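The following features are taken from TrEMBL:
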TRANSMEM  21-44  transmembrane segment
TRANSMEM  110-129  transmembrane segment
TRANSMEM  141-158  transmembrane segment
TRANSMEM  178-197  transmembrane segment
TRANSMEM  204-222  transmembrane segment
TRANSMEM  234-252  transmembrane segment
């Protein structure tokens, strides 16, 4: 275990050094996550005269700032990185490392977040203070939020890793990723709080992985989910974590066999 952690640490620091070299790429990545803020302005404008489904303009600001934060925490360039590495044969050099490539991409995702997250927190804090908005965070909510945040990161990363591995068979993974992101934007809580959807849609959405990447952790942070729903949600989130971990392992084994078979 100590050996493994030393390898992870070395990968992380190497990745962090590489990311600091590409600060412009990180800035562009951050700009790509601004969509929730534009959505926020629309909902704030609509709720100025009267609350929408018991949510005031202040509630929408608090919600979408948290959505923006979650989007930045869970985002990663994994699909694009895998797509390029597999198509151009660069995955071969990662296979020579004394640790599976999965961990190289995982540490790459975290180094991306470590560099970018402090920057995006500055405008969030400024808006929260200037608008006198408070995230009503109770101690137990904070603990459960970090638990759900970790689950969200694992779902998103392993989902992206699974999709990126399809590059062993097709060069259309970026197009597939764009389709996923379209559904993700609508059903994750990035477009609107899931509680604003019709009840029959909510009952379906909450069994998909989408809300457990953004909306569910955000509602925990804001104290809008109560005990029974909370534990049910965490259980479903855990299911999707396991599902995508197993899925990426299956795709990896099959993809690696194909990659080796063509003599790459």
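The count begins at 1 with the first shown residue.
In case you wondered, yes, glycine gets a Cβ from its N, Cα and C as well.
All annotation found in TrEMBL is predicted automatically rather than curated by experts.
The model shown is predicted, which means the values in this text are computed figures rather than measured ones.
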Selection from 110-129, 141-158, 204-222, the stretch that has most Cβ pairs under 8 A to the transmembrane segment (234-252): 141-158
Same-chain residues near the transmembrane segment (178-197), Cβ under 8 Å, at least 6 residues beyond its ends: 35-36, 39, 43, 52-53, 55, 63, 67, 71, 159, 163, 205-206, 208, 210-211, 213-216, 218-219, 224
Residue numbers, six or more beyond the limits of the transmembrane segment (204-222), whose CB comes under 8 Å of its CB atoms: 62-63, 66-67, 70-71, 74, 135-137, 141-142, 144-145, 148-149, 151-152, 155-156, 159, 183-184, 187-190, 193-195, 197, 230, 233, 236-237, 240, 243-244
